[in-house]
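J.: Sending over a structure as structure tokens; questions will come in a sec.
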There are 2 protein chains.
Amino acid sequence: MTRPLSVGIAGLGTVGTGVLTMLRENADVIAARAGRSIAVTAVSARDRTRDRGISLSGLRWYDDPVELAADPAVDVVVEVIGGSDGPARALVEAALAAKKPVVTANKALLAVHGAELAAMAEQTGVPLAFEAAVAGGIPVIKALREGLAGNRLSRVTGILNGTCNYILTVMRERGREFTEVLHEAQKLGYAEADPSFDVDGIDAAHKLAILAALAFGRPVAFDAVYVEGIRQVSAVDIAFAGELGYRIKLLGIARRTDAGIEARVHPCMVPLSAPIARVDGVFNAVVAEGDFVGRVMLEGRGAGAGPTASAVVADLVDLARGRFTPVWGAGSGALSDAPSVPMAAHVGAYYLRLMVVDRPGVIADVTAVLRDAGVSLESMLQHGRSPGEAVPVVLVTHETGEAAMRSALARIAALDAVLEEPALIRIETA
Amino acid sequence: MTRPLSVGIAGLGTVGTGVLTMLRENADVIAARAGRSIAVTAVSARDRTRDRGISLSGLRWYDDPVELAADPAVDVVVEVIGGSDGPARALVEAALAAKKPVVTANKALLAVHGAELAAMAEQTGVPLAFEAAVAGGIPVIKALREGLAGNRLSRVTGILNGTCNYILTVMRERGREFTEVLHEAQKLGYAEADPSFDVDGIDAAHKLAILAALAFGRPVAFDAVYVEGIRQVSAVDIAFAGELGYRIKLLGIARRTDAGIEARVHPCMVPLSAPIARVDGVFNAVVAEGDFVGRVMLEGRGAGAGPTASAVVADLVDLARGRFTPVWGAGSGALSDAPSVPMAAHVGAYYLRLMVVDRPGVIADVTAVLRDAGVSLESMLQHGRSPGEAVPVVLVTHETGEAAMRSALARIAALDAVLEEPALIRIETA
């Protein structure tokens, strides 16, 4: 065995202490697989006095993470501070500039600044590894960049945010509304005090941007991802979904079309027969579709100290073994320049649920608007009758353009007999 | 880009031609991910005249695969001949001796001779890659050796044979018996003319032996795998399984216990709530359980030209990039010497189905035998009554030792009122 790989960890929250713990508890297994020991020798965090339930004795301490990158005895920098800018970004840039390999769990940083960071890493010839940035412990980065490397991928679909999947699962199982379940999830620690990053789909969009870059071999393009969260999903829609043979999931979907790459995060109706429809609770899953391999699904825990540490340590083992892969799977000269396709160009089937006054002529008005917009209907669902009162009406369309659907929706919402903002959920058959 | 990686393929059946096709059709994507072109320059097969629907012009031809390994212009040898001995083994040994990296899809070869081949590869410092040997296109070798490298794994479970999974799925969906469904599968090309390798569990056992070696970091030990196939599974047991909340699957299970490594392939009752219970048809799946990552499942197509080629090409891309991993995930000096645990030491719950004469006292006799063997019952199931006729009776035990269960079973089978060989299926809760 050669000398130990000396690691500096910046950020000692849940993930940072998880990495420290894993490297210590599984030191024997890790050394065997890495061909050498991997030892943390330096750390950086804001508060030196906080009790993290783990010994930091013998480790060099840096208040400023950028100084950790300058420590000549640190071979590899692990960035688990988080955030797309600020100290995390400064640290990663400093490390790459100092020609030190970086392992990061930071999806926001990669989604927003990944293109520049990858260029920097390529210029200095230094690895920038980020298995932990997407889907926690599931080795999905490795699967896309290496395991399926021979395939032309047509599509990547994922349940990429455990908080949203947990909330949607509990809403379905108990027939409850979003706000109640969110509060409960916050009490249980499954959702943050400020949940917007998760429930508005931003976190999933960061991860999808990274997956799309890997799947289609092009630089990350976060701004081109269409994003819609789960706040508008209601218990009544989840119940109707069940009746129609669907589950509602927040999916990230990246797809290669003739026009370019489509990337979108939004609630979807997924047929119960699709394996991803059954992935419940805090679990994440990623489905990749390749021209030779067909459909491959990976499923596991997408967050938490253990799974995230598992991914960080896998990257460290790769570095210790000298295994190298370019950031987006190929060198910059071999990357694709496929354009991003805007959401308005999306074509698919739609679920539309209206609350209407139950009186003659309402359905005729609604369907006339759809007909005028060129939207054709596959089915309609209305239970019972309550003359003069509000009743839900569900319409399922055939394949329709997003732009046509949106304009029809605006006109339907403006009808007198339509009482609330209509609910629109896209149907994904794959 | 450096010069192309020159590949020699030995074996031009479905998989060999699939690899050739993939390397040609996806040459651009593959070159981008590999950092250089990958080109087949030589091939070996038995029949030079057969039409394989693919051009072989410009390729050097060898009747003898061992000569292909000696071709100085071949950088890497792809072995897709198959079989644990004969030309496949001779070729791989010749290639390693000539210090040429080998990519193989041959599970039988690795399961039976993998320990010696790995030692040879280590001595000569040459990569021996075999992603295609287990679960086809699913990158499970990479996941276990690299993606989950930081974890101490406690258990690996897999649906490793698509033929068996297809047969069991159709038996359940249509309520039909094994023999009928096998014949149909043979007509459809999902089962071989001589199906014993698949339906008797040998193929799954080869793959499990490899997974167990990777998961627990020890040399492969095929002889220590307990094997039982699916010929004895009957439609009535599949129906009872459904009623009890289970699915019957042929699983390969490798588990770390205090006594050592348990490795077994046999039909299992799996609770419907387990994700692996829902993996149907020709699909394969592997579930790994690690101390930090928790449960990770990978699912996809386990056989066929496309998926197998996908795995072979992924190995070639690794070689082209210079990414190297020791055969069992660690060098020989760092491998575990954990002993294999015999099946007689297995402890678990059992499903037992008897055909008995419906008359007073029979159940008392059966349960007396179980009591005397120290086997405790969780539940018993008998539908309707047919005095004097044969009726099925199902017994589900609590956790019991395999040895005790086996001896009780022999005594029960010998009872006058027990009409057929009893059916015994192990219940897996995980």
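Every residue, even glycine, has its Cβ placed from backbone N, Cα and C.
Keep in mind that TrEMBL annotations are predicted by a computer and have not been checked by a curator.
From TrEMBL, for reference:
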type	residues	note
ACT_SITE	A:LYS207	active site, proton donor
BINDING	A:ALA10, A:GLY11, A:LEU12, A:GLY13, A:THR14, A:VAL15, A:GLY16, A:THR17	NADP(+) binding site
BINDING	A:LYS107	NADPH binding site
BINDING	A:GLU192	L-homoserine binding site
DOMAIN	A:351-426	domain 'ACT'
J.: Excluding A:ALA10, A:GLY11, A:LEU12, A:GLY13, A:THR14, A:VAL15, A:GLY16, A:THR17, which residues of the same chain place their Cβ within 8 Å of the centroid of the Cβ atoms of the recorded NADP(+) site?
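T.: Result: A:ILE9, A:GLY18, A:VAL19, A:ALA45, A:VAL80, A:ILE81.
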J.: Give me the CA-CA distance between A:GLY13 (NADP(+) binding site) and A:LYS207 (active site, proton donor), in Å, as a whole number.
T.: 21
J.: When DSSP is mapped onto helix/strand/coil, what comes out for A:GLY11 (NADP(+) binding site)?
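T.: A:GLY11 (NADP(+) binding site) sits in coil per DSSP, no helix or strand.
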J.: Could you check the binding-site residues A:GLY11, A:GLY13, A:GLY16 and say which one's CB has the fewest neighbouring CB atoms inside 10 Å?
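T.: Candidates: the binding-site residues A:GLY11, A:GLY13, A:GLY16. Fewest Cβ atoms within 10 Å: A:GLY13.
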J.: Looking at the recorded positions listed here (A:LYS107, A:GLU192, A:LYS207), whose Cα lies nearest to that of A:THR14 (NADP(+) binding site)?
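T.: Closest candidate to A:THR14 (NADP(+) binding site), judged by Cα separation, is A:GLU192.
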J.: At the Cα level, what's the spacing in Å between A:THR17 (NADP(+) binding site) and A:LYS107 (NADPH binding site), rounded?
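T.: A:THR17 (NADP(+) binding site) and A:LYS107 (NADPH binding site) have their Cα atoms 19 Å apart.
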J.: Which of the three DSSP states, helix, strand or coil, fits A:GLU192 (L-homoserine binding site)?
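T.: DSSP assigns A:GLU192 (L-homoserine binding site) to coil.
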J.: Compile a sequence-ordered list of residues in the same chain as A:LEU12 (NADP(+) binding site), six or more apart from it, whose Cβ lies below 8 A from its Cβ; state 'none' when nothing qualifies.
T.: A:LEU20, A:VAL43, A:SER44, A:ALA45, A:ARG52, A:LEU56
J.: Roughly where does the domain 'ACT' (A:351-426) sit in mean pLDDT, to the nearest integer?
T.: 94
J.: Around the Cβ of A:THR17 (NADP(+) binding site), how many other Cβ atoms lie within 10 Å? Please give the count over every shown protein chain.
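T.: A count of 21.
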J.: Tell me the Cα distance separating A:LYS107 (NADPH binding site) from A:LYS207 (active site, proton donor), rounded to the nearest angstrom.
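T.: Checking the Cα atoms of A:LYS207 (active site, proton donor) and A:LYS107 (NADPH binding site) gives a distance of 6 Å.
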J.: I'm trying to understand the geometry here, so how far is the Cα atom of A:GLY16 (NADP(+) binding site) from the Cα atom of A:LYS107 (NADPH binding site), in Å to the nearest whole number?
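T.: Rounded to the nearest whole number, the Cα-Cα distance is 15 Å.
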J.: What is the total of other Cβ atoms whose distance to the Cβ of A:LYS107 (NADPH binding site) is within 10 Å?
T.: 27
J.: For the domain 'ACT' (A:351-426), how many residues does DSSP put in helix, in strand and in coil?
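T.: Its residues divide into 23 helix, 27 strand, 26 coil.
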